[in-house]
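Asks: Below you will find the structure I want to go over with you.
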Amino acid sequence: SVTLSNPVEKVAYLIIFHILFVLFVWTYWKSIFTLPVQPGKKYHMSYADKERYENEERPEVQRQILAEMARKLPVYTRTGNGGIRFCDRCQLIKPDRCHHCSVCAICVLKMDHHCPWVNNCIGFSNYKFFLLFLAYSLLYCLYIAATVFKYFIKYWTGELTNGRSKFHVLFLLFVAIMFFVSLMFLFGYHCWLVSRNRSTLEAFSAPVFQNGPDKNGFNLGFVKNLQQVFGEEKKLWLLPIASSQGDGHFFPMRALCEAQNPLLANEEQWEDDGIDEEPHDSGEALSLAIERET
């Protein structure tokens with residue numbers, strides 16, 4: 001069996017191992033059991049609005065009903081066609097950066113993606129925990145690979161001859177390196193997303209504001225982008241404790257003065273800006289202005 005000759009070195013290895021293991025399990029637990037946050041009640045249709053909306057067959061009138069609802073809400077983004085972001089499954093006006101998860105069957109605030117690793121939807125409530133889980137998993141794999149590598153060298157040079165231990169060392173080293181490389185790319189990608197204040201969905205499809213799509217619409221600068229996810233108290237950044245800014249319904253924008261709430265403005269403004277160019281004689285085209293996301 002593999003042993004350490006220096007007792008101090010052995011204790012140091014055990015302390016580091018258990019610290020990383022506890023942080024790894026803690027962040028994984030929080031990523032799994034922190035439920036995604038859904039939009040508040042004020043974003044849901046009232047019984048009267050729902051009855052009006054469902055009984056109305058004209059798409060342009062449905063659009064007007066949604067516009068009346070949205071005037072009371074702090075939403076700044078629209079669909080690609082200039083329509084109001086509405087989920088017909090959850091019957092609600094979607095807050096900025098909110099999307100419907102077809103796996104969870106709910107609308108999730110600041111949804112990033114649905115992760116099969118943790119069998120949960122990653123969004124506003126647990127994105128910080130997910131990032132820490134990736135970070136500590138990466139360090140855990142690196143630690144295992146580093147501590148096992150010297151014994152791999154000894155077996156390679158013939159200094160140690162225990163056959164059973166040789167198999168375990170080779171297997172452990174291979175698995176640790178394999179997961180380390182995979183996690184390194186995934187964690188690096190999410191670090192890049194955090195630095196730009198984007199979600200995975202926004203990286204593939206830029207949010208649409210009054211002046212059109214803007215992939216940097218929520219980019220506030222590197223420091224403020226970090227604070228959006230990790231909070232202002234740096235002592236909590238490395239701990240899986242909720243510290244993200246806001247409540248997930250509203251997010252500061254890069255140029256709020258240039259992206260005034262389009263839902264408070266005249267609906268005809270979208271047509272004047274050339275964003276909403278559907279023909280008036282086509283009811284089907286008008287219906288495309290209302291997002292039906294699955």
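Using N, Cα and C of the backbone, Cβ positions are placed for all residues, glycine too.
In case it helps, TrEMBL gives these features for our protein:
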- 269-279: compositional bias 'Acidic residues' (COMPBIAS)
- 84-204: domain 'Palmitoyltransferase DHHC' (DOMAIN)
- 269-294: region 'Disordered' (REGION)
- 12-29: transmembrane segment (TRANSMEM)
- 129-149: transmembrane segment (TRANSMEM)
- 169-189: transmembrane segment (TRANSMEM)
Asks: Mind checking which residues of the chain, 6+ beyond the ends of the transmembrane segment (129-149), have their Cβ under 8 Å from one of its Cβ atoms?
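Replies: Apart from its flanks, the transmembrane segment (129-149) reaches 13, 16-17, 20-21, 23-24, 27-28, 30-31, 34, 112, 115, 118, 122, 169, 172-173, 176-177, 179-180, 183-184, 186-187, 190-191, 194, 229, 238-240.
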Asks: Express the predicted model's confidence over the domain 'Palmitoyltransferase DHHC' (84-204) as a mean pLDDT, rounded to an integer.
Replies: 92
